[in-house]
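Okay, structure first, notes after.
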Amino acid sequence: MAASLIRLHFHDCFVQGCDASILLSEAATLTSERTAVPNAGSARGYEVIDAAKTEVEKICPEVVSCADILAVAARDASFAAGGPSWTVKFGRKDSTTASRDLANSDLPSFRSNVNELIANFARKGLSARDMVALSGAHTIGQAQCFTFSDRINSNGCDIAGFASTRTRGCRNANLAPLDLVTPNSFDNYYFKNPIQKKGLLESDQNTF
């Protein structure tokens, strides 16, 4: 769940800012970001934020936003997995609108090359250094098999055994760990894998 909460926070912030718009459900007057291509069937952790919000409301009703709760949850998830911690400033306001179109157009693609990624992050006021640092969150979590099957099965990876190992892992499952060595630990293997041509996603391998 740590990786899911970190990803949920990132996907929230990259579209309209850190306003919890990703948490909004589909309605007659609202097209939810949950159903955008980068989120549908893969974004998780909504129920964790809902549960936390319920408990917070019992103690401090109508004060703490869902956006702040999501920011804290992502920070704590990172630290619990062995990753960095940081000070979370409070005061975010929850959005009453969402944009599936912006989620589809703005969120980075697993097929992006490095120039596309740099340009994408630059549009959000983030540098190439920021992009590399934030991409490091792929050191934990899982990827859907369809996001990398084309790459490893079309000579996109020339490390002996890597493609076959990854292919076998997808035969009986829809998900595969982004990092085979320490899949549940927030460490620096994300940065080591592309050097060895073992970046699982095309976008990750393209950063090297």
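Each residue's number is its place along the chain shown, starting with 1.
Glycine is treated like the rest: Cβ placed from N, Cα and C.
On a predicted model such as this, the values are computed, not experimentally measured, just so you know.
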- Message: Please identify which of T139, T147, T165, T207 is recorded by TrEMBL as part of the Ca(2+) 2 site containing D179, T182, D187.
- Response: T139
- Query: What is the disulfide partner of C170 among C145, C157, as given in TrEMBL?
  - Reply: C145
- Query: Roughly how many Å separate the Cα of T182 (Ca(2+) 2 binding site) from that of R7 (site 'Transition state stabilizer'), to the nearest whole number?
  - Reply: 18
- Message: I want the residues beyond T139, D179, T182, D187 whose C-beta is within 8 angstroms of the mean position of the Ca(2+) 2 site's C-beta atoms, in chain order.
- Response: I140, V181, P183, S185, F186, N188, Y189, Y190
- Query: Between the recorded positions H11, D12, E33, T139, D187, which lies closest to C18 (disulfide bond), Cα to Cα?
  - Reply: D12
- Measuring CB to CB from D179 (Ca(2+) 2 binding site), give everything in the same chain under 8 Å that is also at least six residues away in sequence. H138, T139, I140, Y189, Y190, N193, L200
